Amino acid sequence: MTCMCIDTALSIVFQKLGYIVGKYPGYFVLVPFFIACILATGLQRLRYEDDPEYLFSPTDGRSKLERAIIDEYFPINYTQNFNLGRITHKGRFGRLIITARDGGSVLRRSVWNELMQLDSAIKNLTIEWDDKIYRYQDMCAKHEFKCFNNDILDFDNKIDDIEANRYFLKYPIWVNHETYKAYFFPAYLGGVQRDANNIIESAKGVNLMYFADTTIKNGDIRGQLWEQRFLDFAASVQFENIIVSRFISTTLQKELDSNTHSLVPFFSITIAIMLVFSIGTCMMFDWVRSKPWLGLMGCLSAGIAVIGAFGLCVYCGIEMIGINLAAPFLMLGVGMDDAFVLLAAWRRTNPTMSVPKRLSHTYAEAAVSITITSLTNFISFMIGIITPFPSVRIFCIYTSVAVLFTYAYHITFFGGLMAYFGEVERRNLHGLICIPVLPKSLAEDKGFFFRLLCTGGRNPNDPDNPKDNKEHMMMIFFRDVLAESLNRPLVKLLVISVFLIYLFIGIYGCSVIKEGLDRRKLSRDDSYSIQFYDFEDKYFREYPYRIQVVVNETMNYADPKIQQQIEDMLRKFEESPYVADKSMTESWLRSYLTFLGQDDSFLFLQALNVSDPLDFYRGLRDIFLHFPLTEQFRFDVVFNEDGSEVIASRYIIQAKNILDANMEKEMLISLRGIADSFPFHVTIYHHYFIFFDQFVLVRSISIQTITVAAIVMMAISLIFIPSPSCAIWVAFSIISIEIGVIGYMTLWNVNLDSISMINLIMCIGFSVDFSAHISYAYISCNERTPGERVKSALYSLGLPIFQGSVSTVLGIIALAFAPSYVFVTFFKTVFLVMLFGATHEGQSSDNKSLHLSSKLPQPYHFKTTNLQTMQKELPFFTAEKFFDGKTIVHKNGGPIYIPRPSYINLACNISVEGSKSLSVSDSSVVAEKDLGLGTSAEECSESSWKAAESKIDHHVDMIVKKQPQRIIENHHVNDGYLSDSLEQSTDASKMFVTRSKSNDTEMVEPRRNFKNNRQSRIGPTNGHEERMNRNILPPSLFNHQQQNNHHNLNRFIPMSYNRYLEEYPSTRQRLQSYRIGSLKPNRTTHRIQQDPDIILNRNEMNTSSYHYFDYNLHWDSRWSGTVPANQNKTDNSNFQ
């Protein structure tokens, strides 16, 4: 009941808002537009963020804490002690990977000569800053005041011997016994081929590195200038025998910028596509009801909403990032979907009403659906804000605000424009050029192109002419073709089989999902960095990372037990499948203990007692760390102020065979697990671990975020759609769609990373848009069989879901052609969720069990061969009619025309011989509020009582037989009746029946101004006297054959008569007397039901020989229920 109240309250609020918008449209157009213009000025203060480390690493990542520990104990000085294996920050650098153009070994003289030329040219590059010229030697990172040098170039004079197999180098580490210098070849040579003794035979690539000193004054600025000069030179240089691949420290940043710029040209393409689609969808063959300009205005509304939202975010100090440019594409699709909802709801209103009232009814129906979809999308993005990835958080902030602005602008700015073009329709003007046009029924003698391009509207003299009131062919397709197909057993079996196959493939895809955002995926497809990444992954993955292991705890390293603990720690790391053996580990403690164990060590240690901690540390500090081969260990031991203790120590291990992001993640998890297993503090670090943290956290964060979002979406669905079974099916659809999207995106080469996480969060909201509303439409419709419910649901929502899906896909289709993984991922995931969401809507409704049908009683059935239908020539109420005892005829003897109403009633199910069987597949469909996401009709919809009301206004025919009689007033009070204001009705607003005992006559009259007099007298009914200001559809006439049946009259009218008069003043009709035809009673149980030809409300009267039937014109699903039945049930067998 609470959920119903929320729904009803929203309808009332939006109904009032719609009336105000329709009354004063200028304010709602101009004010939002100027607000957007003011907020757009915030874009001048744009602060662009493109640091990949900040954007794509978690803010609370463990690596950032580990780096802080390393920086505290082992800060690196680029001026004095730069060491390639011990860097903690990337700094400013340039890297080159050189490969042979013929694909052969680089250890050849022809290749090596060009390589040396390249190195010399790079070292001679100059930049100008502050009126000074700087070369590489002036700004390079130094060790012992010497520029960092690529050690592999030391073999220039030996390359001929190496090529001729006269000089041998051992891989991976080789020590020159002449200079005692150690060479670590994996840092420089890639794709190394070696023999059984690890002697290098050939190498496919050479890695050259150049580091700038950023620790000196203005060093970072100069380093940035030099990087750009380095990049430009490497791009321009050409050699005969080598291929040069380049990379600098800001390549990722520059590629993110390049990604953003690559998307700008697609804005115009997307806008053009959306304009064509939106204008085309808003057009009809009826040019009065066509709204092409509103299609254009829908795009404009979404555009200015996004501009205003972005401006507000910038004013709030939120950084702008490149992937935010995907938001306008998304909002364009979502905004057009909202526009379709409003336009379709508008077309279901009564065209004879004033524009403010039509807009109030439009808002009452459509604005609630827009609110639900906008709310689910908004909350989905708000949940994304809690993620620890700044890129996800920033995007979700911008997009959530854009969703709110798009929603607000469509119910204000776009609503005001609807009011203006509604006035164009009211005046029967052409929807495109705003000139008067003829209805199609009056333009039959005109030419083909005139009828095609210059006709529309209704003929005021014949408003229900079928030529001016045609059904939408797409709605007919969903009802009569698609729904009929889905109801066939063979098709159902096929659908279930396809679904199981889909689910199996999706689950398989989930099982092989890859995690992590590879660096190359942040670059454009045509970027220079792609070649570098490819060569690096191909040739330099055997020994990729030198990992620092730090014990940041004061320990007595002179104690043999501590020494054994450190040795056990290193051995445990080296036993990991991701770490190389001990030959590639750098340990000052191992080397020092080896030195102490040598026979000649006493020559250096003299009288030191190394078992004593002070002597142990004195020999380490003053003697061992000064040898040429061990001087690098000086930066791995941190003493306290007096040198009596070691407060931190560092060891270097080597990662091996790390081939992709998944292995990087597994390596990091494994090594951290080992580090955490020791009783003392152990920290592991590499400057790439900052990015690897994303790989570790993305799965758990995605699961948590998606789960929270799904639960919240189900809660929202349950609030607005109060049905537990519906919530269950919504949950099932969300789970199924998410499995499909994750599984199929994996098979479509999309990893689970921060980019795809954004899309998965977003897809939760999109999937609810489909599943919740189609499930609710299926459950809440009033058909008895599952097949009929499928028809009803697809007739109501098939077209709008199709439009919503297509508009969203078209909004982001340009992203599919962007040369960027980031934006292509957006397209792939949104496309998948639209595809799976749209296909789930039919499937989810068809597979539900019909738990309500058993609660509904069986309908009455009777036959009448005398009731016929024909095309009427004149309005029915202008012709004289009489009853000849067998049938109702014109005075000229012809059969009459009884129009088909389209309402939900408290009624019997009636089957008329010769007519269609009971089905929503006819033009009579369930009269309800808009059930969901989209709305049903573009040209004509009968899923709303408002749409059907327009038919009643013009189709009603009154059966008149003037018989002045004595009138007796009978009152039938329904205490549960609710008026439009949701209050219990008063006597003044209830209906009563006046009956005549003589001459078998009775009539229906609304109660008006009778106060509390329950025996007020009404004069005889005059067929030509206007007795009421509203149109009431008359009961049918039947021969009465059975007398003295006692029945209870039960009425359930969900709209007050006074409100009825107020809302529809243009359809006034006369109240007439009716003769009752032949009818025998059936069961006395009542239910909601409808017939494609006649809808009756059985009202059984006490102490009467006549049976009264009438139409409930204003049934709404909010008041659904079963009317109490008479205790004296009658037999069904006599009812013919």
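Cβ from N, Cα, C; glycine included.
Positions annotated as transmembrane segment by TrEMBL: 24-43, 263-287, 293-318, 325-346, 366-387, 394-421, 490-513, 696-721, 727-748, 760-779, 799-824. Residues or ranges marked as domain 'SSD' in TrEMBL: 263-420.
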Where among 24-43, 263-287, 293-318, 490-513, 696-721 do we find the most Cβ pairs under 8 Å to the transmembrane segment (394-421)?
293-318
To the transmembrane segment (727-748), which of 24-43, 263-287, 325-346, 490-513 is linked by the most Cβ pairs under 8 Å?
490-513
Cβ pairs under 8 Å only, please: of the recorded stretches 24-43, 263-287, 696-721, 799-824, which one is richest in them relative to the transmembrane segment (325-346)?
799-824
When you look at the transmembrane segment (263-287) alongside the transmembrane segment (366-387), do they share 3+ Cβ pairs under 8 Å, ignoring any pair fewer than 6 residues apart in sequence?
no
